[in-house]
């Protein structure tokens, strides 16, 4: 099973490069997962962004800590017709949507899970224990985990915690692709962060002036989505029998 995971789509430039580039490479993969956490102006995902990604060839959309920023997607989260997965480890049983979904990929089961980290982020249920509970099921097939977290240590800990128990643990949220792509013991693909899909000449997606002035003046400044050419980052994976046999960073930059 060949799976492409694409990191956090950021704003209109991220949506543009996704919708232009993904259709050209989609035939190379059996399934595509896209994190859409920042696709609507840098914060969350709205209905049009979701539809655009699905039309481009995405088979599943994941989210993160900005999942609730746009209320127009709340009904979509709870409809099986929309393959969207929000973070699993929210305590409230009335939280819209689901934290995992299982897909049929050419006759094989692929389960996509979305988790939130807790270090330097808002309080949510323990992602390690939440994942342990899910893995008590025996009907998940090949399991892919999008771990949306800030701290490298927490992401690495999750990778080792799930080594040999899932097919992949790929981090999102920090927007910079890391060079630690590998296969952990037991056949679990791991990368601390897939990187983002958005403006290339930016500060993790934002127009340079706002963040730069904040550092220079130590005062708040307005942030906006940067313009210009965009990049697309992700991880290309190969799974066999519920295990990863290959993992490679994927990167494309517009001319």
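Note: Cβ is positioned from N, Cα and C throughout, glycine not excepted.
Owing to the predicted nature of the structure, the values given are computational and were not obtained by experimental measurement.
So that you can see what the record holds, here are the features copied from Swiss-Prot:
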- 66: active site, proton donor (ACT_SITE)
- 8, 37, 38, 175: divalent metal cation 1 binding site (BINDING)
- 37, 65, 148, 173: divalent metal cation 2 binding site (BINDING)
In three-state DSSP terms, the structure that residue 37 (divalent metal cation 1 binding site) belongs to: coil
Which has the fewest other Cβ atoms within 10 Å: 66, 148, 173, 175, the recorded positions listed? 66
Cα distance, residue 148 (divalent metal cation 2 binding site) to residue 37 (divalent metal cation 1 binding site), nearest Å? 9
Between residue 8 (divalent metal cation 1 binding site) and residue 148 (divalent metal cation 2 binding site): CA-CA distance (Å): 10
Secondary structure at residue 175 (divalent metal cation 1 binding site) (DSSP, helix/strand/coil)? coil
For the recorded divalent metal cation 2 site formed by 37, 65, 148, 173, which further same-chain residues have Cβ atoms within 8 Å of the site's Cβ center? 8, 35, 63, 64, 66, 87, 116, 149, 172
Here the binding-site residues are 8, 38, 175, and the Cα closest to that of residue 65 (divalent metal cation 2 binding site) is found at 38
Same-chain shell around divalent metal cation 1 excluding 8, 37, 38, 175, C-beta within 8 angstroms of the CB centroid, reads 7, 9, 10, 14, 35, 39, 42, 64, 172, 173, 196, 197, 198, 205
Let's check the environment of residue 65 (divalent metal cation 2 binding site): how many other CB atoms sit within 10 Å of its CB? 19
Residue among binding-site residues 8, 38, 173, 175 with Cα closest to the Cα of residue 66 (active site, proton donor): 38
Check each residue in the chain of residue 38 (divalent metal cation 1 binding site) that is at least six apart in sequence and keep those whose C-beta is under 8 Å from its C-beta; list them in sequence order. 8, 9, 10, 11, 14, 44, 66, 196, 198, 205
